[in-house]
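Engineer: Sending over a structure as structure tokens; questions will come in a sec.
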Amino acid sequence: MSDKKDQVPGAVEAPRGVSRRSFLGTGAVTGAVLAGATALGAGTFTRESWAAAAKEAKSKIHVGPGELDEYYGFWSGGHQGEVRVLGVPSMRELMRIPVFNVDSATGWGLTNESKRILGDSAKYQNGDCHHPHISMTDGKYDGKYLFINDKANSRVARIRLDIMKCDKILTVPNVQAIHGLRLQKVPYTKYVFANAEFVIPHPNDGHTFDLQDKNSFTMFNAIDAEKMEMAFQVIVDGNLDNSDADYTGKYAASTCYNSEKAYDLGGMMRNERDWVVVFNILRIEAAIKAGKFITLDGSKVPVVDGRKTDGKDSEFTRYIPVPKNPHGLNTSSDGKYFIANGKLSPTVSMIAIDRLDDLFNDRYKDPREVIVAEPELGLGPLHTTFDGRGNAYTTLFIDSQVVKWNMDEAIRAYKGEKVNYIKQKLDVQYQPGHNHASLTETSEADGKWLVVLCKFSKDRFLPTGPLHPENDQLIDISGEEMKLVHDGPAFAEPHDCILARRDQIKTQKIWNRNDPFFADTVALAKKDGINLETDNKVIRDGNKVRVYMTSMAPAYGLTEFTVKQGNEVTVTITNIDQIEDVSHGFVMTNHGASMEISPQQTSSITFTADKAGLHWYYCSWFCHALHMEMVGRMLVEKA
């Protein structure tokens, strides 16, 4: 057996000790402003023009003390498992929303309230979230929910944006690795569309591991956005990568990079073409309503078969051939096109959405007749976003660039007209993946800002050891030229982000006492005869002890309680402060118990008092000048 390392075809190893900047040979500049001058035909900076450009770039992103950003940005946390909230254009981090991870600051994954939301999946303490998206009405953000996928454990979560907390998590049955996630845009977000990436046998019980078996497949998944329950699943040929939906409510589409159903790198690149699969949502709904569906593996979810049979299309899907291994799938903000990004091809494929009716009615001999352009943009196109002025912006992973191109001119060039549809190429640092322009996935794309999420930062920041931050770059696209104005280090590993106007997100200042987030805890207290806003009592129920207390900075309602060694202890605290931003905390030392209690919130946590002796609890939040004195004692008597 050879001891030679496996090599990716075409890959080149960087010499050890050589910086990324030198190896890539991008000629990247040290200042963000200079990078903004890489437009085609841009001139050389003079000392004066350098100073002017630097001043302009700084003013673009400066948000002064006490001033507010124009946009909310929602970033996926990747394999860290959370969602991050940033202000744009300042790129200041405002909040982290734990979802699939355990968070000791807020107690997410530790409190009883969060465990109820996590459900059976609470056993997983990891997640891999990629694609955050906000619910819509009539193609515009309504600010109600944000949805996020978990590729690691095949889940989809919903975040209530009024409280910036996750309120529902669904494990998608019959599939593995929920990756691409998008929402129905029109008439409203009725469905969350979620792609399962990996092909698996059905049933997946070890009876076979043959991916070529007819019962080995993956599925396109639709989730009822309000109920957070499965609506339907569609069996497909090949696998599924990224997806998007149209502006009519009729169609969704997904890329496929493994039409071969292979399990190795070489096999996945064997076919010269893969495809975009388009789903006819109305036909799927009609079939399910008529009872024309099956169920799988003991699940009750309606399943329809969207695979071809003997070369004949299913009524639910159409497969449009595109160059091999496409990645991103993006709907233009004018609602005209699905853009499939080539990845291994230097092209993107523009699919005319207004031709899809004819495609489903079998009026084309070749499904590629719905493709109206296939512009060549550069090496490694991954994702495309839009400015609402007819221009598209595509990340080029291999070239470490973003390319601005005009969609109408690309169509004219495809028809044979000599026109230069590429408007500018801008170096970014380095290897960009997702990108997102302000409001671009809605009908209100305003063409002001572009965020490019670069997978490598290398020499852009102070060194942090072998693990480097990512680099989220902010680009001004309000004028004719793209201008890089900010580098933002990010912990591993954001994949995508979205930008919404600040007026589209309405948040609560303090909790409503009737909030469903802790309604179950309120109901349990009621059974114990407890008024959570006034009572400070201990309820003993066999081996279980329920401790109820209020908190008002800087004191807990109970400063001492006694239990027996081995008791299961549930501490329930209600913050009766009514002042905005006066959050309290509760930590029981040496018991792994920690949680947040914000104004008017009730939180509870359960642990075992397994160590006899005195154990202090304290407020972990700096809620008052005397917060150090906000303490109490648990006295654990020997069993």
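Using N, Cα and C of the backbone, Cβ positions are placed for all residues, glycine too.
What Swiss-Prot shows for this protein is this:
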- H130, H179: Cu cation Z2 binding site (BINDING)
- H131, H434: Cu cation Z3 binding site (BINDING)
- Y257, E260, M268, D274, N325: Ca(2+) 2 binding site (BINDING)
- H327, H383: Cu cation Z1 binding site (BINDING)
- K455, E470: Ca(2+) 1 binding site (BINDING)
- H495: Cu cation Z4 binding site (BINDING)
- H584, C619, C623, M630: Cu cation A1 binding site (BINDING)
- C619, W621, C623, H627: Cu cation A2 binding site (BINDING)
- 543-639: region 'COX2-like' (REGION)
- 1-54: signal peptide (SIGNAL)
Engineer: On a C-alpha basis, identify the one among M268, K455, M630 that is nearest to H495 (Cu cation Z4 binding site); the candidates are the binding-site residues.
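Structural biologist: Its closest listed neighbour, by Cα, is K455.
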Engineer: Using C-alpha positions only, work out which of the binding-site residues H179, H327, K455, C619 is nearest to M268 (Ca(2+) 2 binding site).
Structural biologist: H327
Engineer: By DSSP, how many residues in the region 'COX2-like' (543-639) are helix, how many strand, and how many coil?
Structural biologist: 3 helix, 54 strand, 40 coil
Engineer: If you draw a 10 Å sphere around the Cβ of K455 (Ca(2+) 1 binding site), how many other Cβ atoms fall inside it, taking every protein chain shown into account?
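Structural biologist: There are 19 of them.
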Engineer: Given the binding-site residues Y257, N325, H434, W621, C623, which lie within 10 A of H383 (Cu cation Z1 binding site) by CA-CA distance?
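Structural biologist: So far as Cα distances go, the binding-site residues lying within 10 Å of H383 (Cu cation Z1 binding site) are H434.
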Engineer: So how many other Cβ atoms are close to C623 (Cu cation A1 binding site), meaning within 10 Å of its Cβ?
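Structural biologist: Looking across every protein chain shown, the total is 23.
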Engineer: Given the binding-site residues H179, N325, K455, C619, W621, tell me which ones have a C-alpha lying within 10 Å of the C-alpha of H131 (Cu cation Z3 binding site).
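Structural biologist: So far as Cα distances go, the binding-site residues lying within 10 Å of H131 (Cu cation Z3 binding site) are H179.
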Engineer: So of D274, E470, which of the binding-site residues has the fewest other Cβ atoms within 10 Å around its own Cβ?
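Structural biologist: So among D274, E470, the binding-site residues given, the one with the fewest Cβ atoms within 10 Å is E470.
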Engineer: Give me the Cα-Cα distance between H434 (Cu cation Z3 binding site) and E260 (Ca(2+) 2 binding site), rounded to a whole Å.
Structural biologist: 25
Engineer: Using a Cβ-Cβ cut-off under 8 angstroms and a sequence gap of six or more, which residues of the chain neighbour H584 (Cu cation A1 binding site)?
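Structural biologist: Result: S551, A553, I573, N575, D577, E596, I597, S598, C619, W621, C623, M630.
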Engineer: Which site among H434, H627 has the most other CB atoms no more than 10 Å from its CB, taking these as binding-site residues?
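Structural biologist: For the binding-site residues H434, H627, the Cβ with the most other Cβ atoms within 10 Å is H434.
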Engineer: Least buried of the binding-site residues M268, C619, M630, going by other Cβ atoms within 10 Å?
Structural biologist: M268
Engineer: Around the Cu cation A2 site (C619, W621, C623, H627), what further same-chain residues have their C-beta within 8 angstroms of the site's C-beta centre?
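Structural biologist: Close Cβ neighbours, site residues excluded: A553, P554, S583, H584, G585, S620, F622, H624, M630.
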